[in-house]
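Participant: Questions regarding the structure given below will be posed in turn.
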Amino acid sequence: IIRVRPLTCTETRRGDRRVVHSLGDSAVHVSATSPPGARRGLRHPLSCRCPHAQVSAARHDATFGFSAVFDAGASQEAVFEGSGMRQLVELAIDGFSCTVFAFGQTGSGKTYTLMGPLAQSESQPASPALLGLMQRSFTCLLEQSRSRSSDLALSASYLEIYNEQVRDLLSPGPPCALPLRWSKTRGFYVENQLSVDFESLEAIVSLLLQGSQRRRTSAHALNRHSSRSHALLTIHIRSRAVSAHPAPGEGEGASACPSKQGTLCFVDLAGSERVKETGSSGELSVEANSINRSLLALGHCISLLAKPRGKRTHIPYRDSKLTRLLARSLGGSGITLMVACISPSSRCLSETLSTLHYASRARRVTTRP
């Protein structure tokens, strides 16, 4: 799906034009008239040498079709209801591995779409109308667990990938790098990662806010609260249906049916950025280069997965920590919702077009749940 953020006050004051317009519920149109000072042929970190991603700001207008498009006026509730999140939550309870990840240029609204306003805490919660996909999914999950005739055990883990180091956002004490392992039964997994049980909405929201406050962020020219790491919050769901009629020989009372284990993973990718435009230097520049390298690796995997199965070559998941952790979501047995967040500003035209081309490729990827 595509989400277009509103123009910011800064963009409005300096006279940026709106170049992105939604066409109904499933198409978006980009008016690619060259803005003042635009440069030609800029490569996007997710372009992966794809000829369609070598965009020119003077190119003719382009229209893209997706499963759903939400323009700048769409509410958080509308995005949740129209994106299929309710169905993903139900599938996770039924034992499937479900993933939601947001990607796009820095400052395009990824974290807001997933979490809501940045200025929120346990003592100052966000307005219910502004809550993001994550909090709304938690509410839906707990409602489903109460309405179903099943016994649910819920736990959460939260990590970030910062400069190619995997760090636990829920573990107390200073952050330290955790090893990333692989096994035949589990695939890629993080060793010694903390998983916390929860039973209430307040508990899981508290874990979300606690981890988000530990995540690395910095300010640069394009975003005052730029995420400097990729963050993955995973809800582990173990459900066991309970029968009121036990099988012969099981004695009195209810009996337990075979259990199902599903996951619901939210991935907030750090935004792609060009160092010259963000004004980054020193540590910020090192972080930006690490972010862009991992996004390039992700884009390369997406491009290969988008090819027909008979024409695919080796998928290089091992090229980055991010692609290793997303391997099952991208090309395995999981079900994945991709949320592409874009800016409508004329100054972001090149990045917006590259994100849309990337999302078009990602839409062609199929998995086998």
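Keep in mind that glycine also has a Cβ here, set from the backbone N, Cα and C atoms.
Note that TrEMBL annotation is computational and uncurated.
Among the features that TrEMBL reports, ATP binding site is placed at GLY104, GLN105, THR106, GLY107, SER108, GLY109, LYS110, THR111. The domain 'Kinesin motor' feature in TrEMBL is assigned to 1-365.
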Participant: When neighbour density is defined as the number of other C-beta atoms within 10 angstroms of a residue's C-beta, which of the binding-site residues GLY104, GLY107 has the lowest density?
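Facilitator: Across GLY104, GLY107, these binding-site residues, the one with fewest Cβ atoms within 10 Å is GLY107.
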Participant: With every protein chain in view, what's the tally of Cβ atoms within 10 Å of the Cβ of SER108 (ATP binding site), excluding that atom itself?
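Facilitator: I count 28 other Cβ atoms within 10 Å of it.
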Participant: In sequence order, which same-chain residues at least six apart have a C-beta under 8 angstroms from GLY109 (ATP binding site)?
Facilitator: ARG3, ARG5, CYS341
Participant: Which one of these binding-site residues, GLN105, THR106, has the sparsest Cβ neighbourhood, judged by other Cβ atoms within 10 angstroms?
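Facilitator: With the binding-site residues GLN105, THR106, fewest surrounding Cβ atoms within 10 Å: THR106.
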Participant: Across the domain 'Kinesin motor' (1-365), what is the average pLDDT of the model, as a whole number?
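Facilitator: Computed over the domain 'Kinesin motor' (1-365), the mean pLDDT is 84 on the 0 to 100 scale.
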